[in-house]
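Copied from TrEMBL, the annotated features are:
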BINDING   Cys94, Cys99, His170, His175  Zn(2+) binding site
COMPBIAS  214-228  compositional bias 'Acidic residues'
REGION    208-245  region 'Disordered'
Amino acid sequence: MTDLEVPVQRTLRRLFPGTRLENAFQWPIESLDALESSFNVQEYLQQLIRADRSQVDKLVELPKGVDDEVWQYEHLRQVCLELGLLVVALAPECTAENCPEMKAEGWLYLCAAHPATQSCPAIDYIIHTLDGATTLLNNAKYFPSRISVPEPSLKHFQSIARRLYRIFAHAYCHHREIYEIFEASNDTSLYARFRLLSRKYELVPPNLITIPDSGEEDEEEEEEEGEDGYSRSPRASHSTLKETE
Ligand SMILES: [Zn+2]
Ligand SMILES: [Zn+2]
């Protein structure tokens, strides 16, 4: 530092090894403008989530000065991060023995994370899907910066969101108690946030979303629609949904 520079009072935002959870992130919330790192949108979003994750309207609302597409990108990265906690919660119950196939809402999903699509146990499907989404979102070829998203990469948002939805759907349909504890009792409101994000940016076709908002009655309505090259058959024990990618 030269003599002419005036030292700026900045909060040191660091998590040191050994910090206890209750002592972590104990720094004041800063405005987006005050966050000067290259990852400021992510940091800002994480601040909002830590402040009150149940205020999903506030979390999804586009902050001033942030690019719409970057906002979706950061949200999807964050949902992938937090879904890891759902995987941990599911692991004791969602085993290869209990759930030998990835099913949800009467559909069987084939895993696209292999040279040829194949059936995976649900927990493997979930992990492969999260790995695939994370790898794609971190691929500098498609997402080279955190301040803009190239137009051709936008299509990936929908395919990622559609697959992430299935993770929620499997948990909701087959492990309801774990899902409820994760979503409501632990107050993650992660599905509520994901659903709002998906609606706002039309990431998942509304007819594919069947998990009700919390408090809504479980709807038994079914819709049949061919979409994106996959076929959907009515709810039945052997209905099949095939991935095309
Ligand atoms: Zn399962
Ligand atoms: Zn797989």
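Cβ coordinates come from backbone N, Cα and C, glycine included.
Taking Cβ-Cβ distances under 8 Å and a sequence gap of 6 or more within the same chain, the neighbours of Cys99 (Zn(2+) binding site) are Pro121, Ala122, Ile123, His170, His174. Neighbours of the Zn(2+) site: apart from Cys94, Cys99, His170, His175, residues of the same chain with C-beta atoms within 8 angstroms of the site's C-beta centroid are Leu90, Glu93, Asn98, Ala122, Ile123, Ile126, Ala171, His174.
When Cβ neighbours within 10 Å are tallied across all protein chains shown, the highest count among the binding-site residues His170, His175 belongs to His170. The Cβ of Cys94 (Zn(2+) binding site) has 24 other Cβ atoms within 10 Å, all protein chains considered. Mapped onto three states, the DSSP output places His175 (Zn(2+) binding site) in coil.
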